[in-house]
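Per Swiss-Prot, these features apply:
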type	residues	note
BINDING	20-25, 49-50, 62-63, 75-76, Gln115, 119-121	glutathione binding site
DOMAIN	10-91	domain 'GST N-terminal'
DOMAIN	96-221	domain 'GST C-terminal'
Amino acid sequence: MSYVTDFYQAKLKLYSYWRSSCAHRVRIALTLKGLDYEYIPVNLLKGDQSDSDFKKINPMGTVPALVDGDVVINDSFAIIMYLDDKYPEPPLLPSDYHKRAVNYQATSIVMSGIQPHQNMALFRYLEDKINAEEKTAWITNAITKGFTALEKLLVSCAGKYATGDEVYLADLFLAPQIHAAFNRFHINMEPFPTLARFYESYNELPAFQNAVPEKQPDTPSTI
């Protein structure tokens with residue numbers, strides 16, 4: 001498959017994989033801001049990320065990648081910040097300094113404390129080193145540890161969403177992680193009532209509903 005495209009076309013292009021929580025974050029941001037984009041699937045199971053053409057777009061061979069004219073951006077956080085700078089409505093960061101810091105903290109916990117411990121590249125590396133039971137324990141421990149920190153961080157400042165009654169940056173990172181906890185990893189959410197409540201709130205929003213893994217162009221017919 002060729003991933004080389006005309007960078008000078010106006011329409012945004014998102015290189016994505018349906019189950020990637022990192023790509024999921026960007027899909028929410030694009031939809032929340034009402035931006036039209038072309039979805040270009042990168043099948044991580046088949047190794048499309050190692051394709052030489054795709055690596056011209058992202059030398060790391062990961063998703064997501066965003067192409068905006070002659071601009072190419074990799075990494076979900078960088079992409080979302082770029083979109084928020086270029087398309088500032090609705091804003092993804094609150095004006096309140098404390099709430100802004102909480103958004104950054106929650107985002108960091110997801111990016112560094114949870115997601116890296118459960119991604120496909122890691123488990124491919126560990127495939128012959130741990131069994132299925134150990135893999136499940138690894139994932140559960142990483143998510144539980146991160147969710148415990150998030151619950152404590154957000155319980156006192158949360159409204160309908162992570163830092164109030166408006167959707168901000170933290171919500172874009174929390175939603176995919178909580179969705180995966182419920183639907184993919186089957187984590188017991190009883191110890192995390194605040195996060196479970198967010199999940200219900202996110203499911204009411206079209207931008208979040210349309211971004212879920214189960215509704216993407218490359219979602220398999222059977223999961």
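Cβ atoms are placed via backbone N, Cα and C, with glycine included.
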* Structure fact -> Counting every protein chain shown, other Cβ atoms within 10 Å of the Cβ of Thr62 (glutathione binding site) number 22
* **binding-site residues: His24, Gln49, Asp75, Gln115 - member with fewest neighbouring CB atoms within 10 Å** => Asp75
* Asked: Tell me which residues of the chain lie with their Cβ under 8 angstroms from that of Ser20 (glutathione binding site), as long as they are six or more apart in sequence?
  -> Leu44, Val63, Pro64
* Asked: Which has the fewest other Cβ atoms within 10 Å: Cys22, Met120, the binding-site residues listed?
  -> Met120
* Determine, from DSSP, whether Gln49 (glutathione binding site) sits in helix, strand or coil. => helix
